Amino acid sequence: MSKSYTIAVAGATGAVGTKIVELLEGANLPITKVKALASKRSVGKTIPFKNTEIIVEELTADAFSGVDIAIFSAGGSLSEKFAPEAVKHGAVVIDNTSHFRMDENVPLVVPEVNPESLREHQGIIANPNCSTIQMMVALEPIRQAFGLEKIIVSTYQAVSGSGARGIAELENQVKEYIDGTPLKELTAEILPAGGDKKHYPIAFNALPQIDVFGEDGYTLEEWKMMNETKKIMSDDSIKVAATCVRIPVVSGHSESIYIEVEKETSVKELQELLAQAPGVVLQDDPSQQLYPQAINSIDDKATFVGRIRRDLDNPKGFHLWVVSDNLLKGAAWNSIQIAEKMHELELL
Ligand code: A2P
């Protein structure tokens, strides 16, 4: 346990990477050095860390020389190219992109749910999709206690999930609108999906498309939520359906989740269970108008749960409202927790 680590953050200047460097300051890990890696454009920029400034270096294979832990958040194609290079240099990779998530040799980990699967790693560990992570934190305690047959989720996702450029696009559109541009003429170049043909305004809008469409009519984001859930919960029999929607919120993903449990339970029992659950903060008191809100989740590591109701037609059906900061528990914080857990389990 006396090791101390050199940690590289690939994509350190991005929306998630910036949070990773910030969180490393307080991480429960012995750290010798943090390396900040980004594109050529950012080389020489500085990022504050503890009482010093880290100078950004270019993301190259050689940058991983001497690195013990490499946390990637620079995009799937860069993870595809450089994560294996980092492993070759002896690093353990924690990857925030979707590239390796469904690879059977790559554990997909939410530390509150399946930390033991870290033991099976072969150099790369995947951080799940942001919307999936918060749903797992809220639902795993219910699954453990009462069994889980079915999940139907609709998301209300923040633009920061599409990176720093997504945030800038929303902010610019709001400015354009205030300056008199009609809503349908706002400049849209990124959302709903950088890789798709058409772009629509996100300001004052709701876009039922996150990432590109598959042939079955589901988007890739929806596919991720459905398939990652089964992998993380190690249960292919859970029925999952997702509808993912981007809304004009900067940070904090919200989810309306309907579940069907196997054993009889009550709203009170679910509230008591979730009030004690790791990583969960219960905010559920309609008499006080207390429920989770995206703006209150910002910069908080918790997953907030409220609006728990029994379905009026199905006694084993329940509705929940689940909110978390997509940049923290949905990305950066989950990655840091993975690193901390690996240190604790002596897997590094
Ligand atoms: P840079 O700031 O130099 O462009 P976000 O998710 O917020 O869009 O951030 C993406 C991150 O990935 C940024 O740190 C960005 O660095 C980095 N990145 C993007 N393209 C490359 C590239 N070709 N090589 C290395 N890093 C990249």
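Positions of Cβ are set from backbone N, Cα and C atoms, glycine also.
If you check TrEMBL, you get these features:
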DOMAIN    6-121  domain 'Semialdehyde dehydrogenase NAD-binding'
BINDING   THR13, GLY14, ALA15, VAL16, ARG41, SER42, SER160, GLY161, PRO182, ASN326  NADP(+) binding site
BINDING   ARG101  phosphate binding site
ACT_SITE  CYS130  active site, acyl-thioester intermediate
BINDING   GLN157, ARG246  substrate binding site
ACT_SITE  HIS253  active site, proton acceptor
Just checking the recorded positions ARG41, ARG101, HIS253: which sit within 10 A of GLN157 (substrate binding site), CA to CA?
HIS253
Let me make sure I understand the span of the NADP(+) site: among THR13, GLY14, ALA15, VAL16, ARG41, SER42, SER160, GLY161, PRO182, ASN326, what is the greatest distance between any two Cα atoms, in Å?
35
Just to verify a number: CA distance, ARG41 (NADP(+) binding site) to HIS253 (active site, proton acceptor), in angstrom, no decimals.
30
Show me the subset of THR13, ALA15, ARG101, SER160, PRO182, HIS253 whose Cα is within 10 Å of CYS130 (active site, acyl-thioester intermediate); these are the recorded positions I mean.
HIS253
Pairwise CA distance, PRO182 (NADP(+) binding site) versus the residue listed as 'phosphate binding site', rounded so that it is a whole Å
41
CB contacts under 8 angstroms to HIS253 (active site, proton acceptor), restricted to the same chain and 6+ apart in sequence, sorted by sequence, are CYS130, SER131, GLN134, THR155, TYR156, GLN157, ALA158, GLY161, ALA294, VAL323, SER324, ASN326, GLY330
Which number gives the other C-beta atoms within 10 angstroms of the C-beta of PRO182 (NADP(+) binding site), all protein chains shown included?
9
Near ligand 1, which of the binding-site residues THR13, ARG41, SER160, PRO182 have CB less than 6 Å from any of its atoms?
THR13, ARG41
Entry from the binding-site residues list ARG41, ARG101, ARG246 having the most other CB atoms no farther than 10 A:
ARG246
If you count the C-beta atoms lying within 10 Å of each candidate's C-beta, which of the binding-site residues THR13, GLN157, SER160 ends up with the smallest number?
THR13
Could you pull the average pLDDT for the domain 'Semialdehyde dehydrogenase NAD-binding' (6-121)?
97
Could you tell me which three-state DSSP class ARG246 (substrate binding site) falls into?
strand
Least buried by Cβ count (within 10 Å) of the recorded positions ALA15, CYS130:
ALA15
Would you kindly give the Cα-Cα distance separating ARG246 (substrate binding site) and ALA15 (NADP(+) binding site), rounded to the nearest Å?
17
